[in-house]
Amino acid sequence: MKSTALNVCKWLMFTFNLIITICGAVLLAFGIWAYANGNSFRKLVSANLYLSNSMALMMAVGSILIIAGLFGCIGSLMENRCMLGTFFTIVLILFVIEVVSIILLFVYWPKAETLALNSIHHYDTDKKIPWDYLQRSMKCCGYTSYTDWGSEIPSSCCFHNQTCTVGSKDLYVKGCRSSIQHYIFIIAIFGVGALLFELLAIVFTCVLYQSIGDYQPMA
C-alpha cells in the first residue's frame, strides 16, 4: 500500500516538474525575445533600473526554473533524496523571489507607463529608435493613441513608413499600450501558473522526500 502511494506521489511530482520546466522554457524564450529586441519598450523605461532589468530577470528565472524542474524530474524518478532536497531549496528561494517580483511589477507599472509617455517628448534623442521599432513592429502609434504625438506624427506611425498626417488612412490609430499589456498578460499567466505548480511541487517534494526515507522495500 505504501509502495503504491509512493509511486503515485512520484509520478505526480514528475508531472508537476515537467510543467515547471516547460513554464521556465516559455519565460526564458519570452525574455530572450524581449531582450534581443533591444530597441523596444525596455529602452523607453531605461530610467528605472528595476524595469530596465526586468527582461534579464525573466531570463534568469526561466533558466533556474528549467534547472530546478530537471532536478525534480530526475530526483523523483530515481527517488534520490539529495536531488529532491536540492530541488526543494532552489524552488523555495525562487518562489519567494517571484512573489516579490510580481509585487514590484504591480508597484512600478504605473511609473513605467509615465516613463513611456514622457519619452515621447524626447523623441529626437536616443528614444527615437526604440519608439520607431515599437510602432513598426506592433503596428501602433503613440502610447495611448496617435494623439500622444500631437500634430507631428513620426513616419513609423504610417503603414508604408512614409510621412502621414492626422486623419490619414495610412495612420496607425491604435496606441501601443494595449499590445504591450497583451504581451505582459501572457507572461503573467505563465508566471502565475509556474507559481502554482511550484507550490504544489514543494508540497509533493516534502511528501515524497519523507516517503522515500520511511519506505523500506521488502527483501
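Glycine is no exception: its Cβ is also placed from the backbone N, Cα and C atoms.
TrEMBL: automatically predicted annotations, no manual curation.
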If you look at what TrEMBL says, which of C140, C141 makes a disulfide link with C157?
C141
Nonlocal residues around C141 (disulfide bond), in sequence order (Cβ under 8 Å, 6 or more apart)
Q135, D148, W149, I153, C157, L171, Y172, V173, K174, G175, C176
Considering the transmembrane segment (84-109), which listed stretch of 12-36, 56-77, 183-209 counts the most C-beta pairs under 8 Å
183-209
Counting only residues at least 6 beyond its ends, the same-chain positions whose CB falls under 8 A of a CB in the transmembrane segment (183-209) are 6, 9-10, 12-13, 16-17, 19-20, 23-24, 26-27, 30, 34, 58, 65, 72, 76, 79, 81, 84-85, 87-88, 91-92, 94-95, 98-99, 102
According to DSSP, does C157 (disulfide bond) sit in a helix, a strand, or coil?
helix
At a 10 Å cut-off from the C-beta of C157 (disulfide bond), count the other C-beta atoms across all protein chains.
26
